[in-house]
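See below for the structure under consideration.
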Amino acid sequence: FFFFFSVISFSGETRYNKDKILQGQGVDEPLSDTGFRQADAAGVFLSNMKFTHVFSSDLLRAKQTAATIIGKNKFCKDLEIKYDARLRERKYGIAEGRPLTDLKAMAKAAGEQCPSFTPSGGETLNEVRERARDFFEFLCQLAVEAGQNKQETHSAASNSLGRSEVQSVFPWTDHCGEPELNSDYSGASKQLDANILVVSHGAYMRNWFVYFVSDLKCTLPKTLTKSQLSSVSPNTGVSHFVIELDKEKILRPEINCICLNQDSHLVDVSAECATSKMF
């Protein structure tokens with residue numbers, strides 16, 4: 001079974017992003033005008049993708065981002081967006097609603113590095129990763145069930161994808177380059193069982209990507225650096241993955257990262273939008 005997995009790694013900007021205030025889960029701010037422009041740009045970028053499922057964090061900034069993106073889509077404007085608490089941003093406890101500098105000061109006082117520091121009432125990185133693992137396993141099961149349903153209705157032929165079709169599905173850009181697919185995949189037609197869009201948050205998705213690489217041995221683009229892997233996505237940064245599943249080994253998927261946190265669609269949005277790196 002195969003499915004495409006597109007991720008909006010970071011919802012559009014809010015005024016708290018701009019002011020470098022931690023939001024986490026406890027501060028549920030709407031998108032700013034800039035945030036809506038970013039979501040519009042991401043929607044245009046993804047407008048030719050025929051999504052079968054859309055999932056979003058249930059926090060307002062992610063919900064507005066997801067709705068804006070789907071509203072721009074040429075094929076699935078009426079597709080239901082499903083909201084899931086497992087996609088929420090990392091919880092920062094007593095640091096939520098406070099400047100990022102306060103979190104850094106707390107971490108320094110505790111003798112820890114900021115990204116791995118857990119303020120009182122917050123989530124540890126392991127807890128965040130467990131949420132990501134649980135949701136991804138749910139997606140894998142969803143894709144397998146979708147594939148089985150297609151086989152039963154004999155519709156697989158209309159969803160088979162060869163290399164040329166894979167290249168046409170994604171809005172490839174210069175920074176992504178050519179898809180780095182393994183020979184088994186690129187040499188034969190494969191059935192696309194699901195095309196899933198997920199909209200979440202920066203710190204959460206950074207932990208998800210670490211889970212992909214460290215636990216599931218995700219294949220990365222050759223040009224991707226370690227610093228790019230560990231950095232927080234820009235607002236509405238887009239990542240693409242191809243997932244191959246064996247129904248007998250559903251918890252051991254083969255994951256191919258096509259591009260990570262790309263932001264070419266933000267070129268025409270202000271430079272401030274394109275470089276925003278807040279959680």
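Cβ coordinates are placed from backbone N, Cα and C, and glycine is handled just like the others.
The annotation substrate binding site is assigned in TrEMBL to Arg61, Glu89, Arg90, Lys91, Tyr92. Taking Cβ-Cβ distances under 8 Å and a sequence separation of 6 or more, the neighbours of Arg61 (substrate binding site) in its chain are Ser11, Gly12, Thr14, Gln23, Asp28, Glu29, Pro30, Leu31, Gly35, His201.
Just so you know, the Cβ of Glu89 (substrate binding site) picks up 27 other Cβ atoms within 10 Å once every protein chain is counted. Listed in sequence order, the residues of the same chain lying 6 or more apart from Lys91 (substrate binding site) and placing their CB within less than 8 Å of its CB are Gly24, Gln25, Gly26, Gly121, Gly122, Glu123.
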